[in-house]
Amino acid sequence: MEDADGLSFDFEGGLDSGPVQNTASVPVAPPENSSSAAVNVAPTYDHSSATVAGAGRGRSFRQTVCRHWLRGLCMKGDACGFLHQFDKARMPICRFFRLYGECREQDCVYKHTNEDIKECNMYKLGFCPNGPDCRYRHAKLPGPPPPVEEVLQKIQQLTTYNYGTNRLYQARNVAPQLQDRPQGQVPMQGQPQESGNLQQQQQQQPQQSQHQVSQTLIPNPADQTNRTSHPLPQGVNRYFVVKSNNRENFELSVQQGVWATQRSNEAKLNEAFDSVENVILIFSVNRTRHFQGCAKMTSRIGGYIGGGNWKHEHGTAQYGRNFSVKWLKLCELSFHKTRNLRNPYNENLPVKISRDCQELEPSVGEQLASLLYLEPDSELMAISIAAEAKREEEKAKGVNPESRAENPDIVPFEDNEEEEEEEDESEEEEESMAGGPQGRGRGRGIMWPPQMPLGRGIRPMPGMGGFPLGVMGPGDAFPYGPGGYNGMPDPFGMGPRPFGPYGPRFGGDFRGPVPGMMFPGRPPQQFPHGGYGMMGGGRGPHMGGMGNAPRGGRPMYYPPATSSARPGPSNRKTPERSDERGVSGDQQNQDASHDMEQFEVGNSLRNEESESEDEDEAPRRSRHGEGKKRR
C-alpha cells in the first residue's frame, strides 16, 4: 500500500521476496530496474556489513536466528536483538539436544552441536547450582575433581577481582588514553608497553583488594571484644528468664542496680542463690519480642535494699522486696534468633515462651547468654556502667546510697503497703459518703433511680400499668438545684425548685419553698387523705406534701443512702421519746401510720445526716412498723 507521496506502509512485505544476505536489517525488495539494483545493492551490503561487523573486529550481536521469527510470532521487528533471516549457520541450538543430548525429530532445523555454547564457569570451578538446566555448556575436565579449598579460593577470587579484570573496566581506563593521542600517531611499540602497564595495574589492584577483603572479613579482635559489657562469670550457673511488664521498670533497674519480682518467685530465687555460685537473670520486656540483656543476682531477697519505685500495671500482682543485681550485658536480641532453643524445664517449649522467673536448662541458658554477647551493646550499657561507678565511688567515700534519709524519694515496701491500705480505706469512706445510687464515679453525676418499694396502699388506676421506676426517684438528672453533700454551689442562683423539670407528676409531688405558690388561690393544705389527687380516684402515690419544703444544702430528690429494711426491735420501745410527745402508745402508732402515709417518701429520701439531725424521724419508722403489725 503506497501513499500519493510515495510512502509505503507495508513494513514486512518484502521479507521473503528479497535475496538471502548476511545483514542485520530486514532485506528490502529490489526495485524493478535491474541495473540500478546492481549499483545500489552492493554498496548497501558492504556498508551494513562494515558497520555491523565493526570493521572485522567481531561478529554482529545479531548472530542467532530468532526462534519467534521462525514461527512467525516475533512482534519486535527491527528492534529485535536476533536475526530475522533463515541461516542454518546461525540457527539456535536445539533445546532437546541441549537438555537430553539427543533430538528425535527428523526435520528439526536447529543446531545439534555444543560448539557455540559458552562454557559454564561455575561448572568449571567444580559446582553449578543450575545443574542440567544450565544454559551454558558443562565440559568435564580431565583428572580428579579439585579440592574444596581450591574451589572456594577460586570463587572468592572471581567475586573479589571481577571488577579489576573486567573488560569493560579496562576499556574505560584505556579509552581516555587512546582519545588523547592523535589517530595516526599510535605506535606499534606502545602497545606492549601499555599492555605491560595494564598487567602491572591488574596485579596491584588484586593485591589491594585482597588486603581490603582481608580487613573486612577478619575484623580486629580488639574491636570484636565488647569493652563495656562484663563477661559471664565462671563456675556453676543457673539461668532464669525474667519478664518485665514495662520498659520503665527495666530502665530503672539499669540505673539503680536493683530488681524486684513477685512474692511467689522469691523463694525460688533465694534457693538458687544459696545453691550455686552464680544466678544469671535474662531479661525480656513484654510485647517487645526481644531479650534485653542479662544480669547477675548479687544479694538474697529479704534484706532492705533501697531504690526501685516500680510502676505497677492495673490488675497485676504487686512486686516483692528489692534485691541487688549486676548488669553484665545490655543489648537487643530478637526472638527470631532464638527460635531453635527449647527449654526442657518448660515442656520443651521455645525459650521465648517463658513465664516470669522460668528456669532454663543450664546448657540452653548458656547458649542463650552467648547469643546475647553476639549482639552489639545498647545505649543502656553505658548508663549501667556509669551508675555502677557512681555507686562504687559513694561507697568509697563512706556514703550509704541505701540510706532512707538521703533518699527521701525511695519508700520501703512495707511503707508502700501501709500507704496503699490507707488509700483504700479513704476511698471506701468516700464511696460510702457518696451514696450508692449516684453511680460508680465520684462527685455529683447522673443519679440512677433506686428500686424503692412503693408505699403502703399505692396502686395505679384501673386499666393502667404499674408506675415506672424512673418516676419514683431522681430520674430527671437535672444538674441544677441546691448543693448536695459535697457542697456544690448553685451555678445560676435558681434556688430550690418547686417542681421537677416538667412539673408535678403525682398528687404528692408538690414540694416548694412556698406552698401553693405555683397555683394562686388554692389552699396551702395538703391533699386530703384518700381523696382525689392528680392521678384520679383512689389513693395517690405518697411522694410528700406541699408543705414539705426542701431543706437547704440538700438535693431535692436525693435517694436514701440506707437500705429499706425496717429497724430492729431495739428501736420500737423508746420511752424517753414517747414521754416527750406526751401521748399514749396507741395514739402514737395511729399518728405515725397517718403521718407515714403522707410523708413516707419525703422521709425516706433523706440520707443518714438527716436521721442524725432530726430525732423524730427514726421513731416514726419504728412505730410505723408496729402499727402495720397490729393492723
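Placed from the backbone N, Cα and C atoms, the Cβ positions cover glycine too.
Pulled from Swiss-Prot, these are the features on record:
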- 12-38: region 'Disordered' (REGION)
- 60-87: zinc finger (ZN_FING)
- 88-112: zinc finger (ZN_FING)
- 114-141: zinc finger (ZN_FING)
- 179-234: region 'Disordered' (REGION)
- 182-215: compositional bias 'Low complexity' (COMPBIAS)
- 216-231: compositional bias 'Polar residues' (COMPBIAS)
- 392-447: region 'Disordered' (REGION)
- 392-407: compositional bias 'Basic and acidic residues' (COMPBIAS)
- 541-631: region 'Disordered' (REGION)
- 573-583: compositional bias 'Basic and acidic residues' (COMPBIAS)
- S610: phosphoserine (MOD_RES)
- S612: phosphoserine (MOD_RES)
- 621-631: compositional bias 'Basic residues' (COMPBIAS)
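Taken as a whole, the zinc finger (88-112) shows an average pLDDT of 81 in this prediction. Broken down with DSSP, the zinc finger (114-141) shows 8 helix, 2 strand, 18 coil.
Across the zinc finger (88-112), DSSP assigns 9 helix, 2 strand, 14 coil. DSSP labels the residues of the zinc finger (60-87) in these numbers: 7 helix, 2 strand, 19 coil.
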